[in-house]
Structures are given as C-alpha cells and as structure tokens.
Amino acid sequence: MDNSKKEHSYTYWVKHDPNHPKIDCQPKKVEDPSQVQQPQTIGSQWNVSGTWEEQKVPMNEIKKSLENIVGMKIGQTKISAVESVEGEAHLFLSRGKKRMGYHLKITYALEDDGQIKYTDFTDDGDRDYVLEDVNDETVKHQIEELHDRTKQYVEVFKN
C-alpha cells in the first residue's frame, strides 16, 4: 500500500490520466477591450440573469406624465388639469420582463368646474371613479378612452 499523501482537488483525475487532454485553466489578459462581451441586461448591472428587481416610481414623475392628458376632450368638455396623484407605483423586473404595479388615486379637473376622481386606479384593471359636478352625460360614455390614456401614461415608465 502506498503511504504517500495524495493531493486532492477538483481536477485530481485530470492530472494523472495520460489519455486526457491538458486543460489550460490559466487566466489570459485581454489586449483588445472590444473582444470582451458584456452581458445584455434589462435591469441593474449586477442582475445579469434578470431574476427580480423592484424600483419605486415617484408620484411627481407620474403626475408629470399624466399632464399629457390635459386638453383631452371628453364629452362636451376638456380636462384642464391633473389636480392630484396619490398612492404607490413600482417598476418590477421579473424573469427578464418589466412590469408595472400601481395603486393610485387620481383627480382630474374639467373646464366646466367638474372633476373626475379615480378612487381606485390599479394595474389589475380596477377603475373605480366618481364624477363630481359633471352635468354632461356624454362624459360617462367616453370615460373608457380616459381609462386607456391614463393607463398608457402611467405605464410609460415600463419602456
């Protein structure tokens, strides 16, 4: 029996097999930086595989985005201002795809001194709203377009 101490490592079997090709495991300096391939990431530099990230979206940024709706004609009136935006909005990166999650309360002012208040505007499709001091019945029939435009401008951060 051999009493010599054997060296154990992960590749111990490679070193002693004469039929196995030699593997060069030594690092090599790259002379040309353009030869280095950087992984394409959607999120942060550290999250190369795109597993999970969460980033809060500030309410003032959402309000600024919703300002693009001012001037939109709805019924016989127009939206004159975005009075308030409250709630939470998050940008998620999950499995390599960007998603928006939000739960907002939005108040639009109308030119005829009325208001459209979203008491619950969420990413899962809830669109609870209240029309205050709105005498024009056609506003109710065209509210779906406002839902779509609001969703479009809230989810602009996803792109």
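Backbone N, Cα and C define each Cβ position, glycine as well.
For reference, TrEMBL has these:
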type: REGION; residues: 16-41; note: region 'Disordered'
type: COMPBIAS; residues: 16-32; note: compositional bias 'Basic and acidic residues'
type: DOMAIN; residues: 62-127; note: domain 'Activator of Hsp90 ATPase AHSA1-like N-terminal'
Using DSSP, what is the helix/strand/coil residue split across the compositional bias 'Basic and acidic residues' (16-32)?
1 helix, 0 strand, 16 coil
Can you break down the domain 'Activator of Hsp90 ATPase AHSA1-like N-terminal' (62-127) into helix, strand and coil residue counts using DSSP?
8 helix, 43 strand, 15 coil
